[in-house]
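> Please find one structure pasted underneath; my questions will follow.
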Amino acid sequence: MATKFPAFNQGLAQDPTTRRIWYGIATAHDFESHDGMTEEKLYQKLFSTHFGHLAIIALWVAGNLFHIAWQGNFEQFVLDPTHVRPIAHAIWDPHFGSGITEAMTQAGADGPVNIAYSGLYHWWYTIGMRTNEQLFQASIFMSILACWTLFAGWLHLQPKFRPSLAWFKNNESRLNHHLAVLFGFSSIAWTGHLVHVAIPESRGIHVGWDNWLTVLPHPAGLTPFFTLNWGAYAQNPDSLEQVFGTAEGAGTAIFTFLGGLHPQSEALWLTDIAHHHIAIGTVFIIAGHMYRNTFGIGHSLKEITEAHNTRHPLDPHKGSFGINHDGLYETVTNSLHFQLGLALAALGVATSLVAQHMGALPSYAFIARDYTTQSALYTHHQYIAMFLMVGAFAHGAIFFVRDYDPELNKDNVLARVLGTKEALISHLSWVTMILGFHTLGIYVHNDVVVAFGNPEKQILIEPVFAQFVQAAQGKMMYGFNALLSDPTSAASVAANSLPGNHYWMDLINRQDALSAFLPIGPADFLVHHAIALGLHTTALILIKGALDARGTKLIPDKKDLGYAFPCDGPGRGGTCDSSSWDAMYLAMFWALNLIAWVTFYWHWKHLAIWQGNVAQFNESGTYLMGWFRDYLWLNSAQLINGYNPFGVNSLSVWAWMFLFGHLVWATGFMFLISWRGYWQELIETLVWAHQRTPIANLVGWRDKPVALSIVQARLVGLAHFTIGNILTFGAFVIASTSGKFG
């Protein structure tokens, strides 16, 4: 008999119903639950999947490079980066009539093309690429890299090349390798590229394979390095009049501390970026020599964690926190879910910071003036951050169900957190209620008084504390005279005593959207608290799901039921919606809600500044109808008109996606609201009809059709809700911004 899917779970493969297909898909990547899985095999399989992941990334990068080199307009963009709209790729579509063909033939192309809003053109331009040939070469290199990493993944599954479990659990060596080699060396290597290729290109000096060994990146060569005269590398920076990409106004410095933006490219100074990378690379290389290596040199992580407790004779909290970090070393070492949770949380925070800083401190030349790209990149990175953060809590909960050992962690910080979960959860609950009632109350009050013609009766609160923080960083307009905004303060005196010119105060006090700190008022105050509500509610649901994963008063044996379980069986009334999986599922809706508010805020505030109409956000952002009418409705107008009875324009694809996104989103509710019985009856009706329909009934199947379980239907519903939500808002952001600014 042929092997039935899933091959990795023979118990499931014997299931006579369609359930085996869905459970097979659900557990395909849950290696821990597969037949014959050992801890060593689990680590080896995961290690190999990392190489597969790298191959996919390399292939994706190669595809972007190849299509832009083949069908894009990179060389034209290089000649005039502020006016040439970058092309992502050509479109060949049999559905296109003459109207849409004409509308999509744009940016100087011969036929229909898509415009690129990825920022790739700006990045490649900034790092010194200038020709299509260079893009093709990079594409070939990335394709070879993809093949190489795929081979590495396959190789490490072969018996001779499988690393041992002890190798995977050698924490100190892994940390040293990741810190010094992966982070440290790659940062230094990137500095090398910036200094040897990107900075010369930004000054009109071409460096290629033909001359890179003969063009000195700095007139003094390595002499200042070996004579410890490192300051020489910071002397003679580019002038404020430098024309990016040319020798006009160019200097010779390679590592600077100028601060602010290059006046023409409106991006961070490349020499500042190079300085950042060499500094951080050096720090990481030092950090990579911190932990105990094979020769016994360095610190033991176990000793560090166990010394970090309240039994130290000089500790003022002696004994009051239990035994703090004892047992944590073994717990983290032996739990992949704990490690993954930590990694996802760290990467989630970093990704959200990337979103913020790509707008506040743009690092790529001329990208700050490509408003659609800036909006798309902000939105993209915030949504990615949301998924990573929810994933962090999900794996934290799985850790508590599958990997947590109460004996090993007795009275340490993990046990203490579990022991005080009621206080943690109730405080978070209280915070969300305070935030929710007050914020909504003020918004609704303002709506009512505006609706009745008394806008002057709105409750408008100046964000004085946030304004003070901005003033401390040097924002002059509020008149606070604090730290950097007070020329006589110790901070200002210290800043002014640094040798050379510095431009961060100019950046902070700019009058346009590129100011590092945009002016804030009552509308910002309100939306800040709405976002705080979203953050705290999402956190509440996720933290409760993780802390309650092992058991609650209602279900004391929850840990035995696993991470996801339905309302399961007799005598279990009222146990629906109580698995940790349910918490993750519910938190996703709040997280999507939250990221919508975050991106609405960023996008509308920037649209208003870019259009020279700051008052629109400041005045309409203080009541809900202002948001609905002057942001959502007003900016949907062009979108809805992408195609109409009178013809189409280049926004039509986004108009269609906006419509389709709403459809996908709404489909989610069909799965979310109706429960199992409905689907079972529907399926049985369809099967009955199929079996009685001539010709159709020639097709049969062996599996008995069984409806989706509650958990499965929720997953299908959540997937549609999420994808529809993102499709809708993505189309909205791109079309509403590009419709205004081209």
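Using the three backbone atoms N, Cα and C, a Cβ is placed for every residue, glycine included.
From Swiss-Prot, here are the annotated features:
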type	residues	note
TRANSMEM	46-69	transmembrane segment
TRANSMEM	135-158	transmembrane segment
TRANSMEM	175-199	transmembrane segment
TRANSMEM	273-291	transmembrane segment
TRANSMEM	336-359	transmembrane segment
TRANSMEM	375-401	transmembrane segment
TRANSMEM	423-445	transmembrane segment
TRANSMEM	525-543	transmembrane segment
BINDING	C567, C576	[4Fe-4S] cluster binding site
TRANSMEM	583-604	transmembrane segment
TRANSMEM	651-673	transmembrane segment
BINDING	H662	divinyl chlorophyll a B1 binding site
BINDING	M670, Y678	divinyl chlorophyll a B3 binding site
BINDING	W679	phylloquinone binding site
TRANSMEM	715-735	transmembrane segment
> Using a Cβ cut-off under 8 Å, which residues of the same chain at least 6 positions beyond either end of the transmembrane segment (336-359) come close to it?
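Same-chain residues near the transmembrane segment (336-359) but 6 or more away: 42-43, 46, 119, 367, 374, 377-382, 384-386, 388-389, 391-393, 395-396, 398-399, 402-403, 602, 606.
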> Using C-alpha atoms only, work out the spacing between C567 ([4Fe-4S] cluster binding site) and the residue listed as 'divinyl chlorophyll a B1 binding site' and round it to an integer in Å.
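Computed Cα spacing between C567 ([4Fe-4S] cluster binding site) and the residue listed as 'divinyl chlorophyll a B1 binding site' is 31 Å.
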> Taking pairs 6 or more apart in sequence, does the count of Cβ pairs under 8 Å between the transmembrane segment (583-604) and the transmembrane segment (715-735) hit 3 or more?
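With 3 or more qualifying Cβ pairs, these stretches touch.
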> Considering Cα atoms only, can you say which of C576, M670, Y678, W679 is the nearest neighbour of H662 (divinyl chlorophyll a B1 binding site) among these binding-site residues?
M670
> Using Cβ atoms only, state whether the transmembrane segment (135-158) and the transmembrane segment (273-291) have three or more pairs under 8 Å that are 6 or more apart in sequence.
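The answer is no, given that the two segments have fewer than 3 Cβ pairs within the 8 Å cut-off.
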> Could you tell me whether the transmembrane segment (715-735) and the transmembrane segment (375-401) are in contact, taking contact to mean 3+ Cβ pairs under 8 Å with a sequence separation of 6 or more?
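Between the transmembrane segment (375-401) and the transmembrane segment (715-735), contact is present.
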> Which state, by DSSP, holds C576 ([4Fe-4S] cluster binding site): helix, strand or coil?
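Going by the DSSP assignment, C576 ([4Fe-4S] cluster binding site) belongs to neither helix nor strand, so it counts as coil.
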> Could you give the residue numbers and ranges of same-chain residues that sit at least 6 residues beyond the transmembrane segment (46-69) on either side and whose C-beta is under 8 angstroms from one of its C-beta atoms?
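Those are 31, 86-89, 116, 118, 120-121, 132-133, 135-136, 138-140, 142-143, 145-147, 149-150, 152-154, 156-157, 163, 168, 336, in sequence order.
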> Given W679 (phylloquinone binding site) and M670 (divinyl chlorophyll a B3 binding site), what distance in Å do their CA atoms have, once rounded to a whole number?
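W679 (phylloquinone binding site) and M670 (divinyl chlorophyll a B3 binding site) have their Cα atoms 10 Å apart.
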> Y678, W679: which of these binding-site residues has the sparsest Cβ neighbourhood within 10 Å?
Y678
> Take the C-alpha atoms of Y678 (divinyl chlorophyll a B3 binding site) and C576 ([4Fe-4S] cluster binding site) and report the distance between them in angstrom, rounded.
18
